[in-house]
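Peer 1: So TrEMBL says this about it:
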type: TRANSMEM; residues: B:12-33; note: transmembrane segment
type: TRANSMEM; residues: B:53-74; note: transmembrane segment
type: TRANSMEM; residues: B:150-175; note: transmembrane segment
type: TRANSMEM; residues: B:204-223; note: transmembrane segment
type: TRANSMEM; residues: B:235-259; note: transmembrane segment
Amino acid sequence: MISTRQGTMSTPKIRLAGLRKSFGSKVVLDGVDLEIRPGHSMVILGGSGSGKSVTLKCILGLIPPDEGLIEIDGRDVATLSRREREEVNDRIGMLFQNGALFDSLPVWENVCFKLLAQGRISRRAARDKAAEVLAQVGLAASVGDLSPSELSGGMQKRVGLARAIAAEPDIIFFDEPTTGLDPIMGAVIDGLIVDVVKRLGATAVSITHDMASARRIGDDAAMIHKGRIIWRGEARSLGDTGNAMVDQFARGEREGPIQMELRK
Amino acid sequence: MDRILDPVAALGRLVIGLLRGTGAIALFAAEAISHLVRPPFYGRLFLKAFIEIAWFSLPVVALTAVFTGMVLALQSYTGFARFNAEGAVANVVVLSITRELGPVLAGLMVAGRIGAAFAAEIGTMRVTDQIDALSTLSTNPMKYLVAPRLLAGTLALPLLVIVADTLGVMGGWLIGTQQLGFGSGAYLKATFDFLQVADVVSGLIKAAVFGFIITLMGCWSGYRSGGGAQGVGRATTSAVVASSILILAVDYVLTAVLFSR
């Protein structure tokens, strides 16, 4: 059995079983079952409102699920003490859809925020570390002194990526990493994601509805529809999976089993 | 029968909603306070909030206090002249300013400035996922965003009120000596002879409570906001309205408690 940074090859890095979540009468997750292998990159696909982001937030502990199991490295996170949960979160990095950079802090402080918060680095050393991590995402060290509001959308994404990887996590979540970017910048971000995930040997979970991006960054893919996982397979097979819903979604076809609820 | 019960049901819903809201704010405040005594402590953020509240509110609080003292001297002189009691102007000005107007007006001014600013800042962080981002970066948002602001507000308001008290009394002195014909020494003697330590201390206690209320309502409204720009706007309005009303209501309660015999 091959040992990885956390857990073993036979233990899924993340396992979801029967995950349910409702907001009022609206059922968002209706029994999500999913396993994510260590060191693999999983892409979760789905339309708007299908439950992708809520799934991610449940795994991160930002939203408590109503029912179901979430295991990270074989440990049920619901049974963890506050400190143990914080230790699990310490090993997680997250790239938010809109970057979610802190407006009140310069870029270098955003990048090294976690290291500074944990007291793992001095403020002086954080500047050098930020320059090093910014270089990994193709940004000059001088960007570190800028405010997030001075950055373009693509640069904000790259700074967000730098912040997600600065503490060298072994699980990284990417929430719609290419949304709002032009196709070339989207490909650049995807390339960076693939590079950093490989370099860190991390497990990656991305949620997207960008098919080109899903094929580029994913080893495995799963599709969520109406709060349930309706398919999972290899990301490279997207568009030719044999599942009518997934293929319709991957090809962006109007006609098919997935019907948009449009008022006429 | 339903028509008869409808108003009762509406009243019940209102009361339940009010109790639920009060309970939620109390739990929010208790959690924030608990973070004040548990490390890590964010001294830099406390200092930033303290300067924002104490230093940058100084001009508006100072102007309010000076003009209030001036108006108070004029009004009380006009009223007391009818009873040949003009000599009590200095006493009335100092008592009103230290016990009531200093803390209440400073509180209302700071509620407009700081309550709105905190609600808008934290609300924007909420709707742009920055608060979620804090959680994923090993940082408790309550400890990072709320606790330092609460402490800063509670400590800064009394300092502002000391300034407001001083300037309010000086405003009264200015009008008393320049317009109403009081001698400078006599006016100040009347002021300090009449003033008791309890008058000032009660005002400072009120100020600390108002500072806590303002920052609590600002942080609470921002923290719970949602619904994009409109939600942040609503949070800002509700922070100012709620803290202003609470300041006036709590002022009555504190006055009743502090000066009950």
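Think of each number as a place in line: the chain as shown, counted from 1.
Cβ coordinates come from backbone N, Cα and C, glycine included.
Could you place these features in context, so I can see how deep they sit and what lies close by?
Peer 2: Through the fold, the transmembrane segment (B:12-33) approaches residues 142, 146-147, 150, 216-217, 219-220, 223 of its own chain, all at least 6 residues removed from its boundaries and within a Cβ separation under 8 Å.
Proximity of distant same-chain residues to the transmembrane segment (B:53-74), defined by a Cβ-Cβ separation under 8 Å and at least 6 residues beyond the stretch ends, is recorded for 89, 92-93, 96-97, 101-102, 105-106, 109-110, 113-114, 152-153, 156-157, 159-160, 163-176, 179-180, 211, 215.
Counting same-chain residues at least six beyond the ends of the transmembrane segment (B:204-223), those with a Cβ under 8 angstroms from any Cβ of the stretch are 25, 28-29, 32, 49, 53, 102-104, 106-107, 110-111, 114-126, 131, 141, 145-146, 149-150, 152-158, 160-162, 232, 235-236, 238-239, 242-243, 246-247, 250-251, 254, 258.
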